[in-house]
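Accompanying notes for the structure given below.
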Amino acid sequence: MKKRAKILLIYTGGTIGMIKDYDTGALKAFNFDELLQNIPELKILEHEIDTLSFDDPIDSSNMNVECWVKVAHTINDSFETYDGFVVLHGSDTMSYTASALSFMFENLTKPVIFTGSQLPIGDLRTDAKENLITSIQIAGLQKNGKPVISEVGLYFEYKLYRANRTTKINAEHFQAFASLNYPPLAESGVYLSVNHNALWRPNRRQKTKLHTGFSNEVLILKIFPGINAATVEYMLSKPGLKGVVLETYGSGNAPSDDWFLDILKRKILEGLFVVNITQCIGGSVVMGQYETSVQLKKIGVVSGKDISTEAAVAKLMYLLGKELSPKVFKTIFETSLRGEMS
Ligand code: ASP
């Protein structure tokens, strides 16, 4: 007989479980039990589902490194008990948390599926039910007794994506996420069709290993026409700053003015890690393709290739937590660790 998959459903907060505060008109997180009562369908799913909620569910705008680690520990503590995990999370910072989790779990051998919704589960037109039910089904997919998905995924509006490839692209549409540099891992229609060629393949002979050391001494510097020396100098002089995600134009291009390159060069020599990623939501940094990126490469800027902003921030925090030498940092950052870059 086919074994029923055991799934742990973890509720961190987000619109999916919110209700309207009639005094202020704003959405706020509410009780997980009430959320469950709104989904009687859970009882008829073929899988065995246990649930667990953060004591104080949060809007994902309040997520931070401690919360990421809390989610990771929750999964890790019951890793052997369950076949898969579904994390309910606000959509606003879901791509950041899910990317961070992907780096935290080395050689992940089970599915960790993030989902949420644009409308609360109690709303008549909600997108929450489909997102939640299909996420559970995806987390429970098995072949020959092994999970089909063995990575951190993000399921939203009929598509399962590799989580560390996603970006929230729309604050209103049900299709709130995109993954421009990597195809969906699965699509849900009449059939749930899995794109097997796109899946991450862990080494099943080795155990999953948890890493929780992160450094949040980072910032994102998005350049724009007109940015001046004082601004760049001020931002990169923040005491304690260890790493910068430099959001450049197109394929990794930035001003070629001496002042810009001089500041960057000095900061890199002083030990700052600078990663070049593109402001575009698709495509890749190719340093050296244009004259405006040749110097960046020469002064030691690291290439983020086609990584998303969310995954770049998470990867930077993760690698800074490991206190690597500049040379090793560059080599590892420019290598795909969890399928986050091509
Ligand atoms: N503000 C909400 C959050 O990220 C939005 C959502 O859940 O979709 O928690």
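Glycine is no exception: its Cβ is also placed from the backbone N, Cα and C atoms.
As recorded in TrEMBL:
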DOMAIN    6-197  domain 'L-asparaginase N-terminal'
ACT_SITE  T15  active site
ACT_SITE  T15  active site, O-isoaspartyl threonine intermediate
DOMAIN    218-333  domain 'Asparaginase/glutaminase C-terminal'
### Message
Validating a neighbour-count step here. Other CB atoms within 10 A of the CB of the residue listed as 'active site': how many?
### Response
24
### Query
So how many of the residues in the domain 'Asparaginase/glutaminase C-terminal' (218-333) end up helix, strand or coil by DSSP?
48 helix, 21 strand, 47 coil
### Query
Per DSSP, T15 (active site) is which: helix, strand or coil?
helix
### Message
Over the span of the domain 'Asparaginase/glutaminase C-terminal' (218-333), how high is the average pLDDT in this prediction?
### Response
97
